[in-house]
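What Swiss-Prot records for this protein:
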TRANSMEM  40-60  transmembrane segment
TRANSMEM  89-109  transmembrane segment
TRANSMEM  124-144  transmembrane segment
TRANSMEM  185-205  transmembrane segment
TRANSMEM  258-278  transmembrane segment
TRANSMEM  286-306  transmembrane segment
TRANSMEM  327-347  transmembrane segment
TRANSMEM  395-415  transmembrane segment
TRANSMEM  550-570  transmembrane segment
TRANSMEM  601-621  transmembrane segment
TRANSMEM  651-671  transmembrane segment
TRANSMEM  687-707  transmembrane segment
Amino acid sequence: MEFIYKYAWIVPFLPLSASVPIGLGSLFFPGATKSVRRTWALISIFLLSVAMFLSFNLFLQQITGGPIYRYFWSWVINNKFSLELGYLIDPLTSIMLVLVTTVGTMVMIYSDNYMSHDKTYVRFFAYLNFFNASMLGLVISPNLLQIYIFWELVGMCSYLLIGFWFTRPSAANACQKAFITNRAGDFGLLLGILGFYWVTGSFEFQYLSEKLNELTAIDGVGSFFVTSCAFLLFLGPVAKSAQFPLHVWLPDAMEGPTPISALIHAATMVAAGIFLVARLFPLFKALPLIMYLISWIGGITALLGATMALAQKDLKRGLAYSTMSQLGYMMLALGIDSYRIALFHLITHAYSKALLFLGSGSVIHSMEPIVGYCPRKSQNMALMGGLRKYMPITGITFLLGTLSLSGIPPFACFWSKDQILSDSKLYSPIFGGITWFTAGLTAFYMFRMYLLTFEGDFRVNLVNSYNNHITLYSTSMWGEEESRILNRTRADSMSNQIIGRNNSFSKEAFQISNKMEGLYKKNRGLVVTYPFFYKGSFAYPKESGKAMLFPLVVLGIFTLFVGLIGVPFFRSGMRYDILSQWFASSTAPFDKKHPENWSEFFIDAIPSVGIAFLGILIACILYRPIYFLSQDVYHKTNPHMKIIMDQSINIIYNWSFYQAYIDIYYDIILIKGIRGLAETSHSFDQWAIDGIPNGVGFLGLFVGEGMRCLGGGRISSYIFFSLFCVLISILIYYYSFSFYP
C-alpha cells in the first residue's frame, strides 16, 4: 500500500510524458511525427489507461479504509518563508482521479476516429494529453499555490482547445472570450489565495482551515477581511464552472472539437471549480455569508441555464446550457451544506454529459458529409430528425443520457438530483421551488433535443426538396403546428423557417399543399399529418465507426449503474449508502430528515419523477413526429387570448434564444464602455499628456526658425522686422490713449 501511495505522482506524469514528445516532435520533426500519428494516439491511450488503472488502485485503497496520504518536498526554504510541493491522496482525490481518467480515456479512444480526417491530428493529441495531465495535477495538489499553478494550466489547455481551429473567426473569438472571462475569476482567486496566506501564513488546506478557525474564535482577524478573501477565492470557481454572471464563455466554447467539449463539460475545466469549492469546503463552511452567496449563485445559475437551453437550435449549445444548469445544482448543494450530494451529482452528471456530448459528436460526424462542415448546418437540429433509424446505437445511448439528465429512475442522475431537490426544499422553500422548476425544464429541453434529432423524418431532405422547387411545410423548433408555403430560393431561408424564430408559437391550421407528397386523413375532427417523404435520391447519415461507438456503450453502462454508489440502503432502521461511507468525515449543519425505509424513499421521489415526466410529456406534445391539430377547437379559440398567449410565449422564446440578453448587456456596458473609456483615455493622452510637451517643442521650433530667419544676414529681413516693431508700437500707443484719454 505504501508503494502505491509513494508513486501516486506517476498518474499525472503519464499523460504528460505523451504530450511533451508529441509537442516537441511536431515543432522540430513535423513530417516524421505526422507519419506515425496513429502510433502516438495509441501511446497516448495506453498511458492514460495505465493512469486509470493506478487511479482505480488508489481509489480501492481509500474506500477500504486506507489512510489519507500526504507527501511533500521542499522547493524554497528560508527563515521566514518555505514553499512545499507534493500530492494529497484522500477520498475526494481518489474519486476525481477515477473520474478524470475514465472519461479522458473514453474521449481519447473516441477522438482517434473523430479527428482522423483532421490534418492537425497530432497537435490535438498533444493538447489533449496536456489537458488531462493538468487536471490530474490539480486534483492531487495538497495546497492552494500548487492548485493555482495547475488551475492556470487547465485554463491554458482549454483555451488552446476551444480555439483549436483558430483559422475560423468564431473559434478565435470564442477562445478570447473564454480567456478574458476567466481572467476576472482567476485574478480574484489569486488575490484570495494571497489574502489567506497573509492571514494564516500557509497554503496547505488543513492548516489553513484550522488556523482560520483559531483566529476567528479569538477575534484575531477581521471578519470583513476574511469574508472578502473568501469571496475573491470563490470568484475562481464562479468563472471556471460557468456560474452566473461569469457563465458567458461556456456556450461559445462549443467552437472546439466535440471530444473536447465532452472532456471540458464532464471531467476537467468546469469540474475544476466544483472540486475547488469542495476541497475548501471546511473554510467556506465557517463563513455563513459566503455559504449563502454560494447557494444563491448556484440556484440562479441552475434556473438561468435551464431557461436559456429551451430555444437553442445548435445541438452542442443546448448541451452547454444544460451543463451550466447542472453545475448550478452542484453549487447550490454545496451552498446548503450538502457536500456528499454535490459530489454525487458531479459524478453522475460527468458520465451522463460525456455520453451526450460524444453522442452529439457522432451525429455531427455523420451529418458533415451530407450538409457540409459548417457548424451552422452540421449542428443545426432543424436539419436533423429521424436519425435513430440510421444511427441506432448512437440514438439509444443518447436516449440513455437524456433519461438520466431528465431525472428518470433508475438512471444515474435521478439518484443525485432527487436528493438535491429534497435537501434544497428542506433548507429553503425558495431553493426548493427553483430546483423543482428547473428539473421540469431540464426534462423538457433534453427531450426536445432528443426528439428533434432522432425522431421523425430526416429534415435535410426537406431542404433538398425545396431547392428542387418542391413545396414543403416547415417543422418548427418549438413544435409549431403549422405549415407554410415556402417561396424562398435558398436553403438557409428554409432553415430559418424550420427554426421558426419570429412566429415560433403560432397555432395556425396546416395549409397542406396539393403538391406535397405526404399522406393525411381526417378522424373525429383531428387532422393527422404524416412527415413528408420524398421518393427521390437523397443521402442519409450512417452509424459511426466502432472506435466511436465503443466509448458510447461504455459510458452508457456507467450511466446505468454509477448511480448505485449513492442509492440508500436501509438496515435496522438506519440509512446507508456507499458514497456516505467514502465521505464519512463530512458533517451537516442541521439534522436533515432523510427517509427511513424504501417506501418512504419512493414516496419522496414521486414528485420529482412526476415533474420530470410532465416536462417530457410537454416536449412530446410539441415535438412528436406526427402532429395532431383540432381545427374546430382552434378556430373557436378566443382571439384575444391567442394574442396574449403568443406574446407571452414569444417573450419566453426571445429570452431563451438571446441568452437572457446578458451578452447584449455585456456588449453595451462592458465591451463598448471599456472601448469608449479607452478611446477617451487615448484622446486625452494624445492631446493633453502628449500635447503639452509636444506643443512646447513645436513652439520652440517655430520661434527658433523665426529667429534664424531674422538673424540670417539679409537686410530685407532686418527692415521688415524694424517696420513690424514700429507698427506694433504705434498700435499700442494709439489704443492705450484711446482707452485712457
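Cβ atoms here come from the backbone N, Cα and C positions, even for glycine.
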For the transmembrane segment (550-570), sequence-distant contacts whose Cβ falls under 8 Å of one of its Cβ atoms, 6 or more beyond its ends: 102-103, 106-107, 109-110, 340-341, 344, 347-348, 351-352, 354-355, 358-359, 362, 393-394, 396-397, 400-401, 404, 410-416, 419, 576-579, 594-598, 601
Beyond the flanks of the transmembrane segment (89-109) by at least 6 residues, Cβ under 8 Å: 5, 8, 11, 15, 41, 44-45, 48-49, 51-52, 55-56, 58-59, 61-63, 68-70, 125, 128, 132, 135-136, 139-140, 259-260, 262-263, 266-268, 271, 275, 278-279, 343, 346-347, 350-351, 354, 358, 547, 550-551, 554-555, 558, 582-583
Same-chain residues near the transmembrane segment (395-415), Cβ under 8 Å, at least 6 residues beyond its ends: 322, 326, 344-345, 348-349, 351-353, 355-356, 359-360, 363, 387-388, 439, 442-443, 446-447, 449-450, 453-454, 552-553, 555-556, 558-564, 566-567, 605, 608-609, 612-613, 615-616
Leading stretch by Cβ pairs under 8 Å, where the reference is the transmembrane segment (124-144) and the options are 185-205, 258-278, 327-347, 601-621: 258-278
Same-chain residue ranges lying at least 6 outside the transmembrane segment (258-278) that approach it to Cβ under 8 Å: 92, 96, 99-100, 103-104, 107, 110-111, 114-115, 128, 131-132, 135, 138-139, 147, 151, 154-155, 158, 161-162, 164, 234, 236-243, 250, 284, 294, 316, 319-320, 323, 327, 330-331, 334, 339, 342-343, 346, 349-351, 353-354, 357-358, 360-361, 364-365
